[in-house]
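Here is the structure we will look at, set down as structure tokens.
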Amino acid sequence: MDLETGVNQNRIKKESWRTILTLAYQSLGVVYGDLSTSPLYVYKSTFAEDITHSESNEEIYGVLSFVFWTLTLVPLLKYVFIVLRADDNGEGGTFALYSLLCRHAKVNSLPSCQLADEELSSYKKDIIRPAPTTFGATLKSTLERYRVLQRFLLVLALLGACMVIGDGILTPALSVFSAVSGIELAIGKEHHKYVEVPLTCVILIALFALQHYGTHRVGFLFAPVVITWLVCISAIGVYNIVQWDRHVYRALSPYYMYKFLKKTQRGGWMSLGGILLCITGSEAMFADLGHFSQLSIQIAFTFMVYPSLILAYMGQAAYLSQHHVIENESYRIGFYVSVPEKLRLPVLVIAILAAVVGSQAIITGTFSIIKQCSSLGCFPRVKIVNTSSKIHGQIYIPEINWTLMLLCLVVTIGFRDTKRMGNASGLAVITVMLVTTCLMSLVIVLCWRKSVLLALCFVIFFGTIEALYFSASLIKFLEGAWVPIAMAFTFMIVMCIWHYGSLKKYEFDVQNKVSVEWLLGLGPSLGIVRVRGIGLIHTELVSGIPAIFSHFVTNLPAFHQVLVFLCVKSVPVPHVKHEERFLVGHIGPREYRMYRCIVRYGYRDAHKDDSEFENDLVCSIAEFIRTGRTGLNVNGEDLRKDFEDLTVVGTPSTHLSGVQLCDDEDVNAELVGPSERKEILSPRVTKPKKRVRFVIPESPKIDRGAQEELRELMEAREAGIAYILGHSYVRAKQGSSLFKKIVINFGFDFLRRNSRPPTYTLNVPHASTLEVGMVYNV
């Protein structure tokens, strides 16, 4: 028996390693495509105009030294060994860091947070309050006390997100255009100008058209291309080192950086914007963490990507150190001049394919960051398609995909120059890295509970390096660097307007919600007609009765025999387990047949968009009736407190021992199972088209009241479900400032009309939908 157990454990371990290596293989095609194609344009951008390549080789050796240490310190040391450890339950990116901070200090921007959310298993049970005398406790209390610091933290996270989106526009254009520019050496200077831009546009259109197939398929398709490319540039690098300069490794010494800056001075400092491009795509390692795993990304970079890039840059430097006069002077110092002439055409084809793959990395990261922003209420709702049934993080967003494609084409046609594209891309890349460094310093103190000295060392060391590159990129503002700033400013305005409008709308709901006393004042019959069926009233409130319900009852004094106030909300964790998905409770006494159901999703969870959601919802209410409370006591104090007790209920797929719902025309069919169960059937006089039955466990016994409640719920489900949705018109109230009127009446209203409705994930059938219009004066 022990031997068999050991064999099984070894098999599981082997499968686990097989999975890790498979993910590492896929990550080469998704995460590292952008980083691996940087040799195409780094030297060309660096020597564009600020510095020249002299016969002393001090410039080329200094650039190589800068490239080596930048690659070693930023992607390898900072991201692979430090930042990847700051994952949020396996998820990465700017908003993952922000989510971690929100849970360790109460700085969350979501207004619908509940104490019950902190009981989620993925909420990190290891959160321990820092000792009152420590700096971490002081920092935590300061952040929680001052609203302006909380807003600053949110704006910082949004800035990083906006720059990721800007990078998602600039990097595909730069990578593909740089690869295609090698045609100049193949077809001549006279004709390449008429081929480069059209061919780049065609490739970009094809790239974005492939996105709907999903990361899983694209990863398997693109990974061989990246591996071929890395092997190719490594082999060419080794050939150039052996052929032209075997002592080029000496340039890896930091001393050559000092000599470089001493000789070039201001020109060398300005050229750092080109050297910065060697780490484009590093942030994708962290942003795409949810698509793969920490270990798989570390393995792929450390053992494949990093050594290949170092050899490629050393090989280019070795070639250029012996070739000071280049035949095609207009091409300046590029990647293709260091490629042996007989190999240029096949290398050109591989480079174009690799550039397409490189664009994939940042596009995938952009999808991830948009999903997180939307879930946390900081971006208009968009359609999110989950492209993999096995890996939840792999998504596709049609609206964002086609927007990125159009903007990529505009940048390509507008610039038609790698120098200005590089300036723009470099500023976007380094801004995201600076934001990550700032947030990481807070994570080290608040989440990891490390010494403030360690956090200061981290932010000073990496912040100084990145600030140096940032200043060199910002000085090129008029030469292309204005583009990411303009894009980030536009997206920032959209995010801030949406967040502000959503917050004001929620505050209006809270201030105008109806009390339970008003509900009970209507009497047991509620003074209105109850019709057959279940009425689902969608609301964003997690407590109380929304004003839209009183508005509905006032104009139409009738509603369904079972009423469910449904709230679909996001919580600041990446994933919510199915066992903790639903919070269910009574509103008013049991005989009113009114329930509140809160459906909780993480910011990376896939929302259900099929008919199973209705069954899960009804079964969760039935399970609550079987095991939950009986509702509020009419004579109790809770009525005046407008308080509701909610119970955590899982989905039927995770609670096989709980209540199950069956749609069956033959209600007399026998149920076969390992344990005895009994059925509560709907007693209908005439046989309907579809009969519904609840299959509940034989024990524990339920009282008569619960049986009646279950029977009525079953009859209502059999009659059908109607969705009552609020159609809100948000307007700034009289007396508001002109700025607020513009933001609410025009900005937020435009975004609301052009975004997805709150219930688009529920796949609500039009025949069962009733919209209730209401004006919100905020």
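The first residue you see is number 1, and the count goes up from there.
Note: Cβ is positioned from N, Cα and C throughout, glycine not excepted.
The following features are taken from TrEMBL:
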- 20-40: transmembrane segment (TRANSMEM)
- 23-519: domain 'K+ potassium transporter integral membrane' (DOMAIN)
- 60-81: transmembrane segment (TRANSMEM)
- 148-166: transmembrane segment (TRANSMEM)
- 220-242: transmembrane segment (TRANSMEM)
- 267-286: transmembrane segment (TRANSMEM)
- 292-314: transmembrane segment (TRANSMEM)
- 345-370: transmembrane segment (TRANSMEM)
- 395-415: transmembrane segment (TRANSMEM)
- 427-446: transmembrane segment (TRANSMEM)
- 452-470: transmembrane segment (TRANSMEM)
- 482-501: transmembrane segment (TRANSMEM)
- 533-777: domain 'K+ potassium transporter C-terminal' (DOMAIN)
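Taken as a whole, the domain 'K+ potassium transporter C-terminal' (533-777) shows an average pLDDT of 73 in this prediction. Between the transmembrane segment (220-242) and the transmembrane segment (345-370) there are 3 or more Cβ pairs closer than 8 Å, counting only residues 6 or more apart in sequence, so the two stretches are in contact. Cβ atoms under 8 Å from those of the transmembrane segment (452-470) belong to residues 70, 73-74, 78, 82, 135-136, 272-273, 275-276, 426-427, 430-431, 433-434, 437-438, 440-442, 444-445 of the same chain, restricted to positions at least 6 beyond its ends.
Cβ atoms under 8 Å from those of the transmembrane segment (60-81) belong to residues 35, 42-43, 46-47, 53, 248, 250-257, 259-261, 263-264, 268, 271-272, 275-276, 278-279, 282-283, 285-286, 297-298, 301-302, 306, 309-310, 313-314, 317, 320-321, 433, 437, 462, 465-466 of the same chain, restricted to positions at least 6 beyond its ends.
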